[in-house]
Every structure is written in C-alpha cells, then in structure tokens.
Amino acid sequence: MDLSELERDNTGRCRLSSPVPAVCRKKPCVLGVDEAGRGPVLGPMVYAICYCPLSRLADLEALKVADSKTLSESERDRLFAKMEEDGDFVGWALDVLSPNLISTSMLGRVKYNLNSLSHDTATGLIQYALDQGVKISQVFVDTVGMPETYQERLQLRFPGIKVTVKAKADALYPVVSAASICAKVARDQAVRNWQFVETLQDFDADYGSGYPNDPKTKSWLRKHVEPVFGFPQFVRFSWRTAQAILEKEAEDVTWEDSSAGDQEGTGRITSYFLSEGPRTRPRAPHRYFLERGLEPATTL
C-alpha cells in the first residue's frame, strides 16, 4: 500500500484507492464500510470501503476474511495482498485522517465531533465509489453511534441503495470484514512509518497500543510533551488523556488584555502573531499555528 502522499504531508487527510474492476461497473455490487483507529490517542483514523459484485461475494468469502481485530498483523497483510491479487473483482478505497485534522476539527470554534466526522467520511467514500462508476446496490456499515439513526441518514442520502447499519458488522458481513482489513493495514503502516516533523529528544517508538488507558502510551506522552508547544502531531491533543498531561506537565499560559492606554492597534495576543514593526508586513506565523488552522487575531 503506497502511503507516500501521507508521508509527505501528514497534517491533513489523504485518499487512496485501487483501480475499479471493470466488472464492478457492469454488475450490481455490495459495498462494506469500516474504520480502524477511532479510539487511540496516537496516530490517524482510517476509514475504508471494499466492494465486489454480488455474484462474486462467495469468492470474497472464500478468502476467509474476518474482523481485523481477530487477525494477526501478518494475517491481515496476507489477506490484503490476496485482495490485491483478486483486483479483477475486488476494489477498495480509504481515507486517512491525521491526528491533527481530528483534533482541530473537535476543538474548532464550530465543533465537529468525532461521530460527525466519521459519518461524513463514510458518506464521502460511498459517494466516491459511485462517482468512479461502481454499480452499488447494497451497502453494509459498521455503526458509529445509534445504528437506526445512522442508517436512516445514509438511506436518505443514497435512496437508490439498500443500506444496512449494524453494530459488529465487521464480524457479520464479509464485505465489511474486508473493509476493516484494508483500514487496519493502512493504519498500521501509517503508524509504523510516521514522519515526525518535530525534533524529539531521546525519541523512542515504543508507544504501546496507542490507547488512552495503556500505561506505556501514557508514559510516552509524558516523555514527549513539549512545555510550550505541547505534543507532536502524532498525538490527538483533543483527547482527555493528552489534555490532562498537558495541564500537568506543560507551562501555564496567561493571556492578557490590551492595556487601557492602547486603544488602537493590536493587543498582546496579536503581538505574538504579528511583528512589532510596521503593520504592513506581518511576520509569518509559526508552522504550529498554520498546521492547526489558527489565524492571527486583529481585534480583542
């Protein structure tokens, strides 16, 4: 799986896909949707779709695909390679959502929670398959939130397709199992080859499972928190575990209002973003602010 685009820029999102099998443009297809990495405090979340003709579903089942959580990494890699070999009837696509994108979405002025981000990403992938000419007749989705509400939303969005949303769909429907394998293989590779743009002292890649309750993960977070700028972008800084460590380990910041005598121009916060000289040539903001979508304040 070629994740070079993500390795060049892991601050946003990237989409990967297989070629669309010719048969999938001609015969009715079933499509599955699943994700990997929803819960960890480290690394990206990956949403994936997998699809094949209804007439070839038995061939997909014969690969013995299963919920990716029940498989070893080597088994997942082997099954993904097998699906690639069977590219004449199996297709896939995925979206890799960076930790930075997840956190800035959740902490933005207009809140964009993880469920909404998940729903919109899944919807976007289904639409992408349709735009590529895949003849989708059925969709199976592993639920996020209430399955009834999610199914109703997708059914309204895609009225010509039969939609089924269920909990544990990755263990019930082989096409969802196949999607879960695609998602997990992509996330594992992304985590393994993550390109850190930050310079980390005494860096080690032994961060455990990446889940918030893992002592090894918490230890890694405490070790690599920077007292002013916080965590590297590998970390979802909107997670409570990360926020608790920031509050304890990072420096306190006091924001001051403009002084009473300074009624015009910029205030103290703005001066951090802009130069103190002529205001016609502002200083370029630090990459920390650019990557998190933060803009200079001009009024307080």
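Here, residue 1 is simply the first one shown, and the rest follow in order.
Backbone N, Cα and C define each Cβ position, glycine as well.
Per TrEMBL, these features apply:
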- Asp34, Glu35, Asp142: divalent metal cation binding site (BINDING)
- 28-251: domain 'RNase H type-2' (DOMAIN)
- 253-283: region 'Disordered' (REGION)
Quiz item: Which chain neighbours of the divalent metal cation site, leaving out Asp34, Glu35, Asp142, have a Cβ atom within 8 Å of the mean position of the site's Cβ atoms?
Solution: Val33, Ala36, Tyr47, Ala48, Ala122, Val141, Val144, Ala169, Asp170, Val176, Ala179, Ser180, Ala183
Exercise. Count the Cβ atoms, other than its own, that fall within 10 Å of the Cβ of Asp142 (divalent metal cation binding site), considering every protein chain shown.
Key: 26
Quiz item: Looking only at the domain 'RNase H type-2' (28-251), what is the mean pLDDT?
Solution: 92
